[in-house]
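TrEMBL annotations:
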type	residues	note
DOMAIN	51-84	domain 'Zinc finger Sec23/Sec24-type'
DOMAIN	121-374	domain 'Sec23/Sec24 trunk'
DOMAIN	500-612	domain 'Sec23/Sec24 helical'
């Protein structure tokens, strides 16, 4: 569990918080194997016996004062009695995890019979769009072959297809058999028959270890639905077949969630549905009107940046609630360059703990690699995340891909959580008093993460391997708790010196996404611009860099917009500048596709701070040879390239990796870099650490088209040649901020 705060020394009261201009909050990556300093938790047992505060329900931890019979809660100060069992337990402090570390991972007893616990099997269902092209199906088949290689042998796998009908495949017999149910064309329609009556669930879900070849055979027979197939014969609509809709995605997803939900907790503890989509749902319940994307905005005078961000129907948000109840996590893989309205579809994936992937074409898609990567890494499921604080402050907003608890505040349900998934919180003071300046009691934060994992047999202690269950996975319920103590800043200088700019960026990204969803992209841009103006003004006043002339509004002294006196703040103007140039906040007329914007929102709102930093302001490194690094970091400008004099540059933009050889590079340097050099090993290491597969591009300056690389050099004036007023170089941007600060301070 990695936790990073925007400031490691908290503001002393609401006045100090207001005066500093820095967002106050933190990010948490609950299923990360280690904390932000590389420390693993201390593992223990009997999580259900851990004492809890009678007042605030916080868990006992190493910051609590403990005497023979009682303990003081480190969060609210309440004195709590100890049970005789706990007294005996804590008389041997070295035998229990919570006495040794403030970061613990404790086993929890599972409810249910031993048979159920030992025989739990992970379930995966592929739902494939047949209203598609041959190329789309070939890519999807490759992705599912990669998935089959990554799945544990005793997993259960189901293959379903959808178009104007929903197909269920029985792959447990000698030849694959498909049974179809027609999806009603009407948006209010229902399936004529329950899926359980079409095919019993355990006939549909096949064990991967014994049926892998048969699943592969079933994949091979998948063919796109033709326009003639979509027209039911005898309806008098045969000639209109080409125009008829045929992608009944909404009904298919709803039926599959209900189908799987009937066995939730019996056959499986978690089901993952992989939905492969080649275009917008246009048939039956959940169909979307994609005509809202186009030239009609010009005639209606609507702001396209505002109109295309909200969902057009609550169908998929409601369906996400059904999926959560059924213990189903949905991952959506959209392979399309046509408008698919991901703004409506995204809720089904992000609220059920899944991911949303977008690939603009089939040619260079990394879908198979992403599939394998996603299924190879460990993940937890059926998770509950809870953040508690000491009494002086409280969580405000929470951000991330979760399902908020309808009953309890600050409790989030996460159906599926991998080691990359990150959530954010911002804080506010509970009253006007703030933290005591003289007290030894420091601000406290406690994060509790209860989760379930499927443990392979090789990870179980020998005594747990019953002869009947040898080779079976088993389910483990665990409670991971991290308790942190923070200092307080006595003045603004101390507070600014404790800033973590990457975490500040994370919270800003969450806030501008929220603002742009509610008010439009223009509002998100203004919010970000104004934030930097206010921060710059408050910093200049805090460091007494400016004075007011004879009490008038005229300012004396040199305005510092680069935060030259505070190293921790110096990256922020560049990060804000880069965020304003990112597709997340670029205008519709600049060529940002609305689906791509939604995809970027979903990706960025789940990244941990260091990854997000690379995605927004890429890391540019130079090499003198493929085996020797020259400079670890350059600004994103042509001037940096020229002045460095290095022949090779490597740009890491998180989703894209670019190796660029300058036009003046020595022709004897090997291109592309050889597989056994330092640069290649750096690239391979970065690829291994990513949650998605980055695209790798090699460019030889002067010979290849270098525009992909040059577009990342955002600090230059008008770098993409559009001439739009929103496109300015970094120097011009600082001048603009200077003018805005002077206006603000008047």
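Every residue gets a Cβ built from N, Cα and C, even glycine.
TrEMBL entries are annotated by machine, without manual review.
A Cβ distance under 8 Å defines the sequence-distant neighbours of the domain 'Zinc finger Sec23/Sec24-type' (51-84), meaning residues of its chain 6+ beyond its ends; these are 90, 98-102, 388-391, 441, 444, 446, 448, 481, 483, 485. In the predicted model, the domain 'Sec23/Sec24 helical' (500-612) has a mean pLDDT of 88. Across the domain 'Zinc finger Sec23/Sec24-type' (51-84), DSSP classifies residues as 1 helix, 10 strand, 23 coil.
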